[in-house]
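Peer 1: Dropping the structure in here first, questions after.
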Amino acid sequence: MEKQIQVTLPDGTVKTFPAGTTPFQVAESISPRLAQAAVVARIQTTQPAAATVTAGSEADSKTASEAAMYSAADPGAPRLVDLSTPLEEDVQLALLTEKDPEALKVLRHSAAHLMATAVLELFPETKLGHGPATDAGFFYDFYRPTPFTPEDLKLIEGRMAEIAQRNDKFVREFIPREEGLAEFKAGDDFMKVHFIERFTQPGEAISLYRNGNFVDFCRGPHVPSTNRIKAFKVTNLAGAYWLGDEKNPQLQRLYGTAFFSKKDLDEHFARLEEIAKRDHRVLGKQLDLFSIQEIAGAGLIFWHPKGAMIRKIMEDWMREECIRRGYDLVYTPHVMRVQLWKTSGHEGFYSQNMFTPMELDDAEYRLKPMNCPGHILIYKSQPRSYRDLPVRYAELGNVYRYERSGTMHGLLRVRGFTQDDAHIFCTPEQIEDEVVACIDFAQSVLTTFGFMDFQVELSTWDPNDRKNYAGSDDKWNLAISSLESALTRKGIAYKTIAGEAAFYGPKIDIKLVDVLGRLWQLSTVQFDFNLPARFELEYVGEDGERHQPVMVHRALYGSVERFFGVLIEHYAGAFPLWLAPVQIGLVPISERHLAYAEKVQQQLEAAGFRVELDRRNEKMNAKIRDFTLQKFPYVLIMGDKEAEAGAVSVRTRGKGDQGSLPLDEFIGRATTLIDTKSGDL
């Protein structure tokens, strides 16, 4: 009797099919329209397949997580499969269409294969590296002696369009490892040979995908055929070393992107244009906010007066809030002896990210990469009782980390930066309330600076990988339950990510969503079971015994530099009135109005406004234009009528001419906007 399997659909419906039925056939049994719309399937089964295979991939091979991409998936975990995959066991099945985000990633993976197919047809001497999907599209690494030119990229894109129309099916096959090695060795595909040899074992079957004459070592899945790839573009070319090692040959990395429709593709590039306009590196120079000076070194920020003013506002607000919320402000040294970093573990586990030691008075010192050990030393400077806890230390501390030159990016990734670090030392009973307070503080930071949307992730441990975590099971369970309870008390939806916690404790990451819908990781609340043990922290409990305090790290800006970079891009440099480095530009119509303009300047500055007066002997429109380009919130114009009436003619950023107002009335309105930290003008 033919074996039957049960397929459970997302709505709970259970259907029975012969073993070997494909997801596409399941879709056809439901509706021909669904079968045509389906792109890929998600299945979950607790029964392993009859044969064990090792799936290929297009990942680099530098880390364990990358290596895992080459191994067979856990048969009990949800996984994506081709619509042509035979179903041999009972499964839960979801058919994904173009509306599902996971389907887009599959499309882009297939587009990477399409691009590699085109490259080999046009440039047969090329050797293949790997080609994954990314959040923004896809790329593929190639090795060839001759560099690709801009004209080549156009040719490749054109050939991709031709291949897409051929409607070649993406076909998966499993072949013996030795047969696959022989096939790729025959073509001198040294990178594919490396992947197979490193991530598969002798005697195993390996997974290949073919479309037309193209073949790749790959785990998939893919769209059914090339004609599903309709809207794509080859975007740019970059260099990448084979296996990320500068001693290896340099590869040429072609980037592209793909969508299910031309409309989505066009919207994507319109969004990229808007992102380019908001680039904080461009606006930082245009608005004279900051610079990076080559003679001083990469990743080191020079804050110009206007940028420094915003930084001061950010730091002053943060310090005032910390004091209001019960934190004690502290300052710790920029350099400390290596012995401290050995005790903390940084010297052994983090030294590659630290600047090299300097020798002073027969002792080695290092620039601090983190503020935590300094705060711990202050805590240890006197005996502590349970009555003293919680102790909350806050510092806007400068830290220094060695970042590779290729990883730095404007303000977003630098070598020297300022962290709004705080460390809370408390009893186990106080944990939940302290975490609630940290979350409340984080929400206040984001909303005050105009970020009304954010996402929260809770990173927990993998209890099956116990040896890789510091702290007892009881401590981990208490910390995780406290974080969960705190988020529940605040009514915040969150996503739990098992196995993503640092070795020293679970954490909450708060990712803000900017005006373009981009996610930015900034605020973190992090438990630490490692440092209290390393530094032998103690307090005397109510029972008279010595106990180890719970230690919580929290950073809300993350770093002042990164937060400022995100602010620039979020507002496109048009900062809200309370945050703008210059709030008001003053334009006297002619030289005879300068005296009145100076009087207005004095009154505004006395009221606390940041003002710039254009004294140049230029035409009024030129002055207005210059202030507008600098994105000042207000431009006030003064002529005969304004001088006689004690008024100003108001131009508001983004709204234009607002007419004449008595100066006192303008001051009152603007003061209210500043006091409420309003984003309106």
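Note that Cβ sites are derived from N, Cα and C of the backbone, with glycine treated the same way.
Note that the coordinates shown come from a computational prediction; the quantities given were computed from them, not determined experimentally.
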Peer 1: For the Zn(2+) site that Swiss-Prot describes with His423, His553, which of these is also annotated: Cys322, Cys372?
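Peer 2: Of Cys322, Cys372, Cys372 joins His423, His553 in the Zn(2+) site that Swiss-Prot records.
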Peer 1: Taking the Cβ of His423 (Zn(2+) binding site) as the reference point, list residues of the same chain whose Cβ is under 8 angstroms away and which are at least six residues distant in sequence.
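Peer 2: Expected: Asn371, Cys372, His375, Ile376, Tyr379, Arg392, Tyr393, Met551, Val552, His553, Arg554.
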Peer 1: Apart from Cys372, His423, His553, which residues in this chain have a Cβ no more than 8 Å from the mean position of the Cβ atoms of those residues at the Zn(2+) site?
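Peer 2: Filtered neighbour residues, in order: Met370, Asn371, His375, Ile376, Asp421, Ala422, Gln526, Asp528, Leu531, Met551, Val552, Arg554.
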Peer 1: How would DSSP class Cys372 (Zn(2+) binding site) in three states?
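Peer 2: Going by the DSSP assignment, Cys372 (Zn(2+) binding site) falls within a helical segment, counted as helix.
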Peer 1: Measure the Cβ-based neighbour count of Cys372 (Zn(2+) binding site), defined as the other Cβ atoms within 10 Å of its Cβ.
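Peer 2: Summing over all protein chains shown, Cys372 (Zn(2+) binding site) has 23 other Cβ atoms within 10 Å.
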Peer 1: Can you tell me the mean pLDDT for the domain 'TGS' (3-97)?
Peer 2: 78
